[in-house]
Amino acid sequence: MERSTGSNMQIQGQRTHSTAIVKVQQEPSIKIEPTVGGQLLRKLFQIIFFVQLFLISILVIVLTIRGLIYAGSTDRFHPKKWYPPLLVSTASAGIVSFIWQSITFHCPSKAIKAVFWFTPLLTCAVGVLHILIGSPLSLAAGTIAILSGVIQSLYACWVNSRFDYASKILTVSTSAPPYKTTTFVIVSIITCLVYSSFSVTGIGGATATGTSLDIAFIVVILLSFLWSMQVIKNMLYVTISRIRYMNFACGVDINTRAAFHDTVKHLVGSVCIGSAIVPVIGTIRGSARAINLVAGDNDEFLFSCADCYSGFASTLITYGNRWGFVHVGVYNKGFIQASADTWEMFKRVELISLIDSDLTGVFCFLSGVAVGSICGIVGGTWELIIHKGYATEVSIYAFLIGYFMCRIALAWQQASVSAYYVSYAENPQSLRFDATIPVRIEQLH
């Protein structure tokens, strides 16, 4: 009881500090100082991120120029057949992503049902496209896509009973979006369109010659692209989650531009760390849950291995989860510390089972897969008609761009849900929350 009282006092103190932050917007907003080790780690990741971005930019420019020169002297590479389908797919990704986040905001219930039932069909359609292309790589990609589509459809049937709660929590948490959220989303999408198009030109330049070194260049560009898109998404995530948390916890509104300025000025290092850690840990935990489901308790040896792997994944998730981004934005904590604190808080108020059963994260993931599939079909079909040899790679690149574009467009809604959970966990008795979570907890019990 004494420990609980102390924790509550600490939380209230942090909230008071956060409220004071809002009242003095013209001064440096985030004043909680991290440890020396934490500062060094943040600065290191921030430097690594910007250095790799600079080096990749130089590499892309060199590869683009070299590819265009090479294309003028040989018939091996045709820029007019390679670039237009991919650039049109990139533009389609931006348009569809913006429209989809708007549909999700206005009709969350219909959006959730549509994603869970149509994404498997779109994924299978991509698989059929790759099988029609017929190359060894496309056959492998097509087989994986079709199997993935079947698994997605089975999963949709399994979690059908959770759709109502997912739509309720999404509706409640996004009912009052931050000021100029639409502008913020549009700017983020345009930034991603420019960055994606720039990366595509470099990949095209490397494709022009196609040596072993060029393949390595393509892999490096793609890895940089994946990390950079995660950072863009999580910058938006941290900004919006801080605004929504302050509204849920304290009833205070923060200016969106000021919150984003704070994120850029103080939190880039933490965001870079989280952007590198969360996808890896999320993949490990997802695979652990899938293995547990398959293993069951029939085979003692298999169950034992699955249980061991699940324990490992559960330990990792404590130190790297997306809910930690809320405390990163609100309290200027290091990402690992923020993740550990939020997860411990979820355990303390017995929210883990609710968090694990929540479908909003899966909804955002499947939305990304759906938009990525649409873009992959657009680019791949175009190339299949005009130049079959480019169809596989263009379809894959278009899929990745569409996936991340949609995730970035939906980041503000996922951030709002996370802020709702974290602020509720800190003070479940607050009158600012309705009965959505308590009723769901009772149903789970």
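Please read every residue number as a count from 1 along the shown chain.
Every residue, even glycine, has its Cβ placed from backbone N, Cα and C.
Taken from TrEMBL as is:
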- 47-70: transmembrane segment (TRANSMEM)
- 82-103: transmembrane segment (TRANSMEM)
- 115-133: transmembrane segment (TRANSMEM)
- 139-160: transmembrane segment (TRANSMEM)
- 181-203: transmembrane segment (TRANSMEM)
- 215-236: transmembrane segment (TRANSMEM)
- 362-382: transmembrane segment (TRANSMEM)
- 394-412: transmembrane segment (TRANSMEM)
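Here the transmembrane segment (181-203) has Cβ contacts under 8 Å with residues 56-57, 59-61, 63-64, 83, 86-87, 90-91, 93-94, 97-98, 101, 217-218, 221-222, 224-225, 228-229, 232, 236, 239-240, 256, 260, 397, 401, 404-405, 408-409, 411-412 of the same chain, all six or more residues outside its ends. Counting Cβ pairs closer than 8 Å to the transmembrane segment (394-412), the top stretch among 47-70, 82-103, 362-382 is 362-382. As a quick check, the transmembrane segment (47-70) and the transmembrane segment (215-236) clear the bar of 3 or more Cβ pairs under 8 A, pairs 6 or more apart, so the two touch. If you look at the transmembrane segment (82-103) against the transmembrane segment (362-382), you find at least three C-beta pairs under 8 angstroms, all six or more positions apart, and that counts as contact. Counted over residue pairs separated by six or more positions, the transmembrane segment (115-133) shares fewer than 3 Cβ pairs under 8 angstroms with the transmembrane segment (215-236), which leaves the two as not touching.
Using a Cβ-Cβ cut-off under 8 Å and counting only residues 6 or more beyond its ends in the same chain, the transmembrane segment (139-160) has close neighbours at 116-117, 119-124, 126-131, 133, 359, 362, 366, 369, 392, 395-396.
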